[in-house]
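Q: Before I ask anything, here is the structure I am working with.
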Amino acid sequence: MDRQKSMERGLLRKSLSIRERKFPNEDLFLETGLSRKSPRDIIKKSPRNIITKSPRDIIKKAQNDDGDCRVTATVFLSTFVAVSGSFCTGCGAGFSSGAQSGITKDLSLSVAEYSMFGSILTLGGLIGAIFSGKVADVLGRKRTMLFCEAFCLTGWLAVALAQDALWLDCGRLLLGIGIGLFSYVIPIYIAEIAPKHVRGSFVFANQLMQNCGIALFFIIGNFVPWRLLAIVGFVPCVLHVLCLFFIPESPRWLAKKGRDKECRSALQRLRGPDVDISREANTIRDTIELSELDGETRMAELFQRRYAYPLLIGVGLMFLQQLSGSSGVTYYASSLFQKGGFPSAIGTSVIATIMVPKAMLGTIIVDKLGRRTLLMSSCAAMGLSALLLSVSYGFQQSFGILPDLTPILTCIGVLGHIVSFAMGMGGLPWIIMAEIFPMNVKVSAGTLVTVTNWLFGWVVTYTFNFMLQWNASGMFFIFSMVSAFSIVFIYFLVPETKGRSLEEIQALLSNYLTIDKTVEECERLNTLGNCEFRVLELGAS
């Protein structure tokens, strides 16, 4: 008897799976609506004292949902308004390239001072990213976007009115904080409202609108003074604030906060007045209640084995995205053209003309080709473009040969790098980040992933001009090797997520959703005598 009890205690210390519930008509699974009770209340009232809806049941239920397949005008409008914030982000990213010559001349800035001005946007993005997950969780997705615009509007005004480097840097820093918050909340909001069969395309519109903002500033930056250019960046921020009042809040965030009536109202508005949303609403509630059994996961608790795989994917993609040199090439495109002997005004105009159609193509094909194929194609093109730039600058600096070919090779290399980045590696990591994390870890995991992106983005953009002067050929050779490694990383580790609901993706990534409880914890929750457990077999089909 003692031996048997000892074996039972040993088994209970392992991961405990959630067994399917035999009471489908109770509060949690009402077909007419969502439960208003917290997971703890349901645990206390349940005859078996535990929620036993399995992830496999959630996958089957999500696959059978028909109500979320409709794309309504409200979904289009909400997505367009959300990605208008990405347009503001693109304006901020493109400003430093078009305004470089005017600012350095008017304010007599050195290379180091302008490098600080250009890179401080990513430093502000890092600050915003640190708080992005918590702010979006507390304020909600829509109000967080309004909060972002407060920083962006103040930042553009400070830049437009700046009389010295300090004011420039302060304005750029505030703009970066707003952009850092945007980079998290926009893809999360769109992923939470869009139907699964168009989710990839809709979230990729985030990258499309960024490219539109960059392209606009690349073109008009050749003709418009830099102070007026800052005012141009101010205008879309004002329009975005006004439009945000006409879109619904994320139903998944409302469900997480227990505001079930508002959740159903927002979901009905998004799916259409004549659509039965009960099944989708219940699936959302089931998944949230499963993820909340362990409570909100803190940053320190994030580094557990069950979260290792999605965390590796999210952090790895952001790390490789920035170390490919993408931010530096975009921020200082005019400097690259000038160094290669190609007219910067013509080069930036050509980039602006091509990058938007390319991003539109990516938006169309992302849900057809899939995430993996587009990511690997993008990395391959970026690697070849960086290698071409390495060869071009190498001929110019080290060997002094082929001087007539250097300008055209530089143009092709810069153009290819920016366009291929816009087509895949620019937007897809944000799509995948918004898809792979459950609600209980979305705040901490999303914050970590976003911080990784902005931290390494700041490192690259701050050191880019110095490395360009030191050894441009060697710098782009490193970027090409990073792109090659990215292909290997994506091929072996990144899963295909197209055509699946968020609930399916999150359940499949962890195979089973588990609750780690020791015997003592079970006894404290008074569940030991009323639950059935079995040992998980990870990797089982």
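In case you wondered, yes, glycine gets a Cβ from its N, Cα and C as well.
TrEMBL lists 78-498 with the feature domain 'Major facilitator superfamily (MFS) profile'. Per TrEMBL, the feature transmembrane segment maps to 71-95, 115-133, 145-167, 173-190, 202-220, 226-247, 307-324, 344-366, 373-395, 407-431, 443-464, 476-494.
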Q: Select the range from 145-167, 307-324, 443-464 that forms the most Cβ-Cβ pairs under 8 Å with the transmembrane segment (71-95).
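A: It is 145-167 that shares the most Cβ pairs under 8 Å with the transmembrane segment (71-95).
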Q: Honestly, do the transmembrane segment (407-431) and the transmembrane segment (115-133) touch, with at least three Cβ pairs under 8 Å and pairs 6 or more apart in sequence?
A: no
Q: The transmembrane segment (344-366): which same-chain residues, six or more beyond its ends, come within Cβ distance under 8 Å?
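A: Here the qualifying positions are 97-98, 200-201, 204-205, 207-208, 211-212, 214-216, 218-219, 221-222, 333-335, 337-338, 374, 411, 414-415, 418-420, 422-424, 426-428, 431, 498.
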Q: When each of 145-167, 202-220, 373-395, 443-464 is checked against the transmembrane segment (476-494) for Cβ pairs under 8 Å, which one has the most?
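A: Answer is 373-395, with the largest number of Cβ pairs below 8 Å.
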Q: Three or more CB pairs closer than 8 Å, sequence separation of 6 or more: does that hold for the transmembrane segment (307-324) against the transmembrane segment (145-167)?
A: no
Q: Over the span of the domain 'Major facilitator superfamily (MFS) profile' (78-498), how high is the average pLDDT in this prediction?
A: 87
